[in-house]
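Undergrad: Dropping the structure in here first, questions after.
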Amino acid sequence: MAMQSLSPVPKLLSTTPSSVLSSDKNFFFVDFVGLYCKSKRTRRRLRGDSSSSSRSSSSLSRLSSVRAVIDLERVHGVSEKDLSSPSALRPQVANLEDILSERGACGVGFIANLDNIPSHGVVKDALIALGCMEHRGGCGADNDSGDGSGLMSSIPWDFFNVWAKEQSLAPFDKLHTGVGMIFLPQDDTFMQEAKQVIENIFEKEGLQVLGWREVPVNVPIVGKNARETMPNIQQVFVKIAKEDSTDDIERELYICRKLIERAVATESWGTELYFCSLSNQTIVYKGMLRSEALGLFYLDLQNELYESPFAIYHRRYSTNTSPRWPLAQPMRFLGHNGEINTIQGNLNWMQSREASLKAAVWNGRENEIRPFGNPRGSDSANLDSAAEIMIRSGRTPEEALMILVPEAYKNHPTLSVKYPEVVDFYDYYKGQMEAWDGPALLLFSDGKTVGACLDRNGLRPARYWRTSDNFVYVASEVGVVPVDEAKVTMKGRLGPGMMIAVDLVNGQVYENTEVKKRISSFNPYGKWIKENSRFLKPVNFKSSTVMENEEILRSQQAFGYSSEDVQMVIESMASQGKEPTFCMGDDIPLAGLSQRPHMLYDYFKQRFAQVTNPAIDPLREGLVMSLEVNIGKRGNILELGPENASQVILSNPVLNEGALEELMKDQYLKPKVLSTYFDIRKGVEGSLQKALYYLCEAADDAVRSGSQLLVLSDRSDRLEPTRPSIPIMLAVGAVHQHLIQNGLRMSASIVADTAQCFSTHHFACLVGYGASAVCPYLALETCRQWRLSNKTVAFMRNGKIPTVTIEQAQKNYTKAVNAGLLKILSKMGISLLSSYCGAQIFEIYGLGQDVVDLAFTGSVSKISGLTFDELARETLSFWVKAFSEDTTKRLENFGFIQFRPGGEYHSNNPEMSKLLHKAVREKSETAYAVYQQHLSNRPVNVLRDLLEFKSDRAPIPVGKVEPAVAIVQRFCTGGMSLGAISRETHEAIAIAMNRIGGKSNSGEGGEDPIRWKPLTDVVDGYSPTLPHLKGLQNGDIATSAIKQVASGRFGVTPTFLVNADQLEIKVAQGAKPGEGGQLPGKKVSAYIARLRSSKPGVPLISPPPHHDIYSIEDLAQLIFDLHQINPNAKVSVKLVAEAGIGTVASGVAKGNADIIQISGHDGGTGASPISSIKHAGGPWELGLTETHQTLIANGLRERVILRVDGGLKSGVDVLMAAAMGADEYGFGSLAMIATGCVMARICHTNNCPVGVASQREELRARFPGVPGDLVNYFLYVAEEVRGILAQLGYNSLDDIIGRTELLRPRDISLVKTQHLDLSYLLSSVGTPSLSSTEIRKQEVHTNGPVLDDDILADPLVIDAIENEKVVEKTVKICNVDRAACGRVAGVIAKKYGDTGFAGQVNLTFLGSAGQSFGCFLIPGMNIRLIGESNDYVGKGMAGGEIVVTPVEKIGFVPEEATIVGNTCLYGATGGQIFARGKAGERFAVRNSLAEAVVEGTGDHCCEYMTGGCVVVLGKVGRNVAAGMTGGLAYLLDEDDTLLPKINREIVKIQRVTAPAGELQLKSLIEAHVEKTGSSKGATILNEWEKYLPLFWQLVPPSEEDTPEASAAYVRTSTGEVTFQSA
């Protein structure tokens, strides 16, 4: 068995350079980790040292890890400062919208010496670790400018004293000297002005400037783009003689920095001045640099005298391709990996509390250090600022972060029982500070403490280890630093909400509970809460109606209700207790385009998480979420006291009338009711704006008079025709913003008492714009009226609807609203309503800027729209109906949800469907022309309807335009899963697309291999291979060219992946972005179950997020994985249009995607909550335009194909999309209609009348479609495209793609407003350097040389694969070797399929494996890892075996150590894994058929599992078996703590009593011991009778009757297991 060293990293890590920056030769050794972002220019600057490795030349060329030696003097001629001919700094425009678009993620870590002994080794190791995280960072369009990297350390005083001596300065007094690391303006004149301002303020504050130092940098190592914006980098040394306390000195330096920032804010160069650090304790070196370039750029870091006892390092991946130098990290306190989802609300609230933030330590100087946030900064920078003010005010870093980023302390049995004081701490601060919510691994230091904490959901990886020589390490990945395993005494990971802190002063390490218990003991928080907080107890619902029926009807009409709202929303929620589900998409006009009046809420679309942060599952992970609300004044967060706890606590924001009355009785709140009616007797013009002014003034007066509760109410004893109500959302937003601007917002809460709120979207809007709670009195009255109606009573009596009492109906409604709110929060990845409140996470379509600025400040509104007067008139259009003489006795049906004649226009209407069916079935050009005419005559429905084509060319003959057969190759169909639609529909669409050379999409759920070969047995249109289809031809092939990888990973096997032309990662879906899905058991037929590796009738849940995509670098990793197994398939990423999508798309392009698909909100779906269909996602016109233009501006457009979908129906739509930048065009609903869909809109019921969206065989038999119908449709569309191109004078689509100058606004009048602004759609930033055809024909993006290439280069391995032999091989591996074995598995799968390989490839790996180790493993592959692994082990494996064991000589107990990372076995469809140690979060998530044994796990073990078997021989985290609908789990419970950790919604918990179950458990443990040498497993087997009763078996309903789970099965005398009848 040959030993081959495939990675030089272990050798490099043990190498110590003999001289660093010595006088004769300046060699600097780094671990150069290359990825796709490595430029040829950089590689030319590096020369490999072949003597350091025994690797072959082919191995040396591998870029995943290359040892490099850089001769700095000879190659670069380094001088102290090289800023020759710097280009002018490009201005960075930033505002609140910028902050929402400046997203990113990273790789981070720290090294700390417990003895607090400074050394250069710490710095060097930190740089090596940083180099090993290059793959977690991003590069700019030049492939050379890093998105950012940096290092924080203690101040290297000995190093600086050498410089001081050279400058004839006295040695620095460590205690009284501060050091500033400063980015200064590029321009020399401005730089001198900046330095003068700095010196003047230091002098004014009594500080003495000791000297300025130009930081020596190596300019040529900087990428081209980064060099253009590179600042002057200098250090300033100042003496602080008036203070002796370190804390006072740091505070004085903080004041100086804030004064400097304020002083330069109005200067033209003000944004170019930035303090990386100004401290007596720490210093930060950072910049727009790649990982390996940091130490090469900053020559200081190479000097042996640069010593520190700790170092925090950070590598940034920004979605913004033009990141700024100041946004590199670490910040001044924090290094952040993740994204704060609530940043806009956090900034608003920080601004609000500025007036109240006071602390004695500031001696009255608080005004001088404001503001505490900066909208021009990133979320990380603002979180750092919030932590900084708290720390400088006297909090410890640990305490500050517990306040800012609290853990999910509710539903936490360990905390509540063992550490109640920690719960009290969190409860106290919950009312004072909203959580900064979102994925976050935060590393922190103030120079005395260094530590790390993780967000409440545990969404970023964090591993830590401690050694016997007193070093502590934390990192995003293991294997980044050279450590002797024999010295490692502790290995672990940070779980959700956990923290670790190293006290450098006292040499102590504090793990999670130790830290929190210590911090929580500082004050008697529990006592303060008990004595001051009031809990609003549940108040009974009213048992009868308050209003007469006529009065209810009038109120409903006045406030904008329709019969659909009452029947399909309110009554449905009252009856079912959940939000109603609907299907298809939102095909009515946007509210601003509609000819009908809309409620104000309809102009707002909910924003959602995609790529840069994940959505949350509110149903299965509700333990981390909370709707709790605190009412009352929020105190001064900087000074503690019992009075801050004086608030009223609500369990949720939905108040019934009685609860509101109780709240109004609270004497401490001093509630004030403010009426929201306005007077139109003097005319409509100006009336609404004037009323808002008076309302805000009244709110202002009330708060200044001591009111802590403002109730904005539209309740009235009698409605009056001339006194309509201000839309309650407008009132709430205006008051909220007014109080913020006047420094009063923290003094009072806002409650809406309103008739104009009934849907979950309405509640979300009110809370999102500032309301803490809502009393929906008219909706509750409507529930009561419904329950008391004769019709409802009769339905209940007949069993048509559930029987509920009047109180239960209102309770159901409230329950549904709360559940809907949780879902809306979770779409954005937000866990707490308190963080959502005021966060304004919406996008506005159709409101004017004056309205937005007053009430919805900072919200994105790109197309402007209604003015205040126009909004007033729209409000009145509802109001007058209530007082009209011809008012009907029933509510009007507006037709907003379902199509109805005379109602709102639906683009997918019956007439359109009939016309299309006639055209494609009769193959009639005339009929298609009628269909075209129908579309052209429709009302304005979408933004593109406001545009038309223009041209500067003369028309040309159609014959000169590219042929239809070329155009149709740009067409694709939507990702509709086999399960949501029938087999007949799915296959007919695929065959049609293959006939024309287009691409169909498999959707989620896999694909039958029978479809991958052309048909050869067709007779008279029928084939025995596909007997359920007609209209077939020999040569037809039913494979989907695009194979989808969705969050459930159903049907995703190695063979499925290698048989794809393209692989689509569905991040979001237009009709329900931010949500997952569930295929009901009734739709899971035997055929569907087989494809999805499940059982018939078992519900199959797709999680809201991909559990291997929590950030942008995670997406890059999945793209890498897919390119690994199928290097010939282009990888597409499907996004949904929303503001900021351009920067997200930039990150996706930098992540090596080949295709980016932009979906509009009007796309279809098989099933979704109505609120999601109607109120989430944006128009693709805006999303596509932003994406195309952002990619061009950042030099990335040539890298990716842009595809668009959502409501496309015609050639006009195709050409509009082309002019806005799309290369390819997707059709979903129209493809289904062309194949037979009649738009019955009952897809979610499984009752489709024509079998298009049903799994019922009798309905599927009615399927009318043939592939030829869809072929005809697309050919007609292509011919339409040709005709218009000819009229415009262009020869091909290539000629017009991205040419927005060919569009102009139509001369058209809208009913509501003439103030829409389409300039954004018509703007242009140029076109790509390559044509669309050239972009589409580019080769698949490559991963570059990888470890698997070296394995496959071994002739013995290839021989074993080709001839099904056995081969064994040992390979070294390190963390940069990612997706190891994925490509080998792909080669085998392509040749043999998922189960056909009879040989064996046995690989042993030595070291720390990178992410996705053993991904997509295939039967016959057996891999053993001696070492440890990072996240995603066994992802998508279909067979084979993975064994992970620690090295032989270790200093820790294996079963107590973490050996594999998070999200292992994700989507596995077979195989086994045995790990001697613990796993991280979400072990076996969505496991289908794999078996596993592990010795402990984090939270969410076995989540969404549908099959297989998992054995855990140690402790598990919370929420085990959430969403687990199949498979079995055996969990050892040695200390009787397991049961509270089980999610019991689905699974049954029982002891192991079935003989087959015992046999299964024991056999797996025996295999585990044999393969890993597990001492824990051996002990269990040796004492089996003792341990067996300690195991719990988790059994979902689908497994209850299996031999392993049912005691009804017994073992016979022959050893067989048989069923024992009663």
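Every residue, even glycine, has its Cβ placed from backbone N, Cα and C.
Take a look at what Swiss-Prot says about it:
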| type | residues | note |
| --- | --- | --- |
| ACT_SITE | Cys106 | active site, for GATase activity |
| BINDING | 1184-1241 | FMN binding site |
| BINDING | Cys1237, Cys1243, Cys1248 | [3Fe-4S] cluster binding site |
| DOMAIN | 106-505 | domain 'Glutamine amidotransferase type-2' |
| TRANSIT | 1-105 | transit peptide |
Undergrad: If the [3Fe-4S] cluster site is taken as the center of the Cβ atoms of Cys1237, Cys1243, Cys1248, which further residues of that chain fall within 8 Å of it by their Cβ?
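TA: The surrounding set, listed in chain order, is Cys583, Ile981, Met1232, Val1238, Met1239, Ala1240, Arg1241, Ile1242, Val1250, Val1252, Ala1253, Ser1254.
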Undergrad: Using a Cβ-Cβ cut-off under 8 angstroms and a sequence gap of six or more, which residues of the chain neighbour Glu1224 (FMN binding site)?
TA: Arg970, Phe971, Cys972, Ile1155, Ile1201, Leu1202, Arg1203, Val1204, Arg1336
Undergrad: Roughly how many Å separate the Cα of Leu1184 (FMN binding site) from that of Cys1237 ([3Fe-4S] cluster binding site), to the nearest whole number?
TA: 28
Undergrad: Among Cys106, Cys1237, Cys1243, Cys1248, these being the recorded positions, pick the one whose CA is nearest to that of Met1216 (FMN binding site).
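TA: For Met1216 (FMN binding site), the closest Cα among Cys106, Cys1237, Cys1243, Cys1248 is found at Cys1237.
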Undergrad: Taking each of the binding-site residues Ile1192, Met1216, Cys1237, Cys1243 in turn and counting other Cβ atoms within 10 Å of its Cβ, which one has the fewest?
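TA: Relative to the other binding-site residues in Ile1192, Met1216, Cys1237, Cys1243, Ile1192 has the fewest Cβ atoms within 10 Å.
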Undergrad: Of Cys106, Ile1192, Val1200, Leu1208, which recorded positions are close to Cys1237 ([3Fe-4S] cluster binding site), meaning a Cα within 10 Å of its Cα?
TA: none
Undergrad: Please compare the binding-site residues Leu1184, Val1200, Leu1208, Met1232, Ala1240 by how many other CB atoms fall within 10 Å of each one's CB, and tell me which has the fewest.
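TA: Across Leu1184, Val1200, Leu1208, Met1232, Ala1240, these binding-site residues, the one with fewest Cβ atoms within 10 Å is Ala1240.
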Undergrad: Give me the non-local Cβ neighbours of Cys106 (active site, for GATase activity): same chain, 6+ apart in sequence, Cβ-Cβ under 8 Å, ordered along the sequence.
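TA: Cys106 (active site, for GATase activity) has long-range Cβ partners Arg136, Gly137, His314, Arg315, Arg316, Tyr317, Gln329, Gly335, His336, Asn337, Gly338, Ser476, Glu1113.
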Undergrad: When a 10 Å sphere is centred on the Cβ of Cys1248 ([3Fe-4S] cluster binding site), how many other Cβ atoms does it contain?
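TA: Cβ-Cβ neighbours of Cys1248 ([3Fe-4S] cluster binding site) within 10 Å number 28.
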Undergrad: Which of the three DSSP states, helix, strand or coil, fits Met1232 (FMN binding site)?
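TA: Reduced to three states, the DSSP call for Met1232 (FMN binding site) is helix.
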Undergrad: What kind of secondary structure is Val1200 (FMN binding site) part of, going by DSSP in three states?
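TA: Once the DSSP labels are grouped into three classes, Val1200 (FMN binding site) ends up as coil.
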Undergrad: Could you say whether, by DSSP, Glu1224 (FMN binding site) belongs to a helix, a strand or a coil region?
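TA: Reduced to three states, the DSSP call for Glu1224 (FMN binding site) is strand.
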Undergrad: Listing them in sequence order, which of the binding-site residues Ile1192, Val1200, Leu1208, Met1232, Ala1240 have their Cα within 10 Å of that of Cys1248 ([3Fe-4S] cluster binding site)?
TA: Ala1240
Undergrad: Helix, strand or coil for Cys1243 ([3Fe-4S] cluster binding site)? Use DSSP.
TA: helix
Undergrad: Whole-number answer please: how many Å between the C-alpha atoms of Cys1243 ([3Fe-4S] cluster binding site) and Ile1192 (FMN binding site)?
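TA: Checking the Cα atoms of Cys1243 ([3Fe-4S] cluster binding site) and Ile1192 (FMN binding site) gives a distance of 40 Å.
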